[in-house]
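> Pasting a structure here, questions to come.
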Amino acid sequence: MSAVLRILARAQEYVIDPDNLDLNSTDPQYIGRARKFCTFDKKCPMEWATIFYRPTMVGNLIYLLIFLALLGGQLWYGIRNKTWKYMSCLCLGIFGEAIGYVGRILLHGNPWIMNNFLVNLICLTISPALITAGIYLCLSRVITVVGSENSRMKPKMYTWVFVGADLLALVLQALGGGIAATAKDSKGSKQGTNIMIGGLISQVVTMALFFAIWLDFVLRVRRARLAGTLSRSQPPLYEALRSTRTFSLFQWSLFIASVTIFVRCVYRVAELWEGFSGHLANDEATFMIFEGPMIIIAVACMTAFHPGRVFGDLWVSAGNGVRSAKEDFPLADGAGDWKADDSYGRV
């Protein structure tokens, strides 16, 4: 009987009166149950919130609108140029970013609601992995156009290796986010966070390896050019494409996009490593510099120099590793005459 009374007493202790919250409580179990009733009108302490500040409405709304505009651009160019895989990666990633900032706008309204925080956390954590998959799809085609003999890997291997590693990072981040979202205590939440960190570290390592292999390819191309042997290794099918200024700018846009996403991933690793109560996780200024703008710059580069506009009819053939119009993956009639999007022009 005494045991039953103790259980009933303990249960009664955590019966929450929404209209009479104990705002001075430091009991984690009470806070966890009570904060879902919190509003700014009830003057709940920010220490009870999922983040210790109120996200800016204006800043997050601006980021949301920018991502929606970029999503529209990617849909337009993707459908027009039929770059289906690339469009899927970019559009899913950008849409995830937009939903993440919806979560932050909801946090502005109520930072004590866990679901608002999870929408922000999970979407903004995993979405860049989808965008980097689009970058890897582009590099394999750049290798084919410039000359795959100068690469240590076959062009298709770039897609298999790096997109595969990217998907692993995505799965880990999504799994960690799911565990953190359904955790009943701080131990489960910490476990989910650690898995998310593992996914982010995996993404950082993959991108570092990507940079190393890309740099090796650039140096080998440069040596071949200095030796006067580069032209012999370059497919004549892409000669017109290689001669355009837009193709050169496209490669620089990929580089800038890769660097900004890499910087963002390093920041997120440091942020989650400290935990949700750490300094970085609760410093909005740092977040608004190293999260949103980094991804916006990356996606803006990949939209302004959309591969469908740059490659034109050669996007599919470059993806298949085709070196001439006579190979096993024939182009459509007349495709030997390269044609990019008319809005770009030829330089």
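Here the Cβ of each residue, glycine as well, is placed from N, Cα and C on the backbone.
Note: TrEMBL annotation is automatic and uncurated.
Pulled these features from TrEMBL for this protein:
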type: TRANSMEM; residues: 61-79; note: transmembrane segment
type: TRANSMEM; residues: 86-106; note: transmembrane segment
type: TRANSMEM; residues: 118-139; note: transmembrane segment
type: TRANSMEM; residues: 160-183; note: transmembrane segment
type: TRANSMEM; residues: 195-215; note: transmembrane segment
type: TRANSMEM; residues: 249-270; note: transmembrane segment
type: TRANSMEM; residues: 285-305; note: transmembrane segment
> Counting Cβ pairs under 8 Å that are 6 or more apart in sequence, does the total for the transmembrane segment (86-106) and the transmembrane segment (160-183) reach three or more?
no
> Are there residues at least 6 beyond the ends of the transmembrane segment (160-183) whose Cβ is under 8 Å from a Cβ of it, and what are they?
118, 121-122, 125-126, 129-130, 132-133, 136-137, 139, 153, 189, 191-200, 202-203, 206, 210
> Counting only residues 6+ away from its ends, which parts of the chain sit with a Cβ under 8 Å from the transmembrane segment (195-215)?
125-126, 128-129, 132, 136, 139, 152-153, 158, 162, 165-166, 168-177, 179-180, 255, 258, 261-262, 265-266, 268-269, 272-273
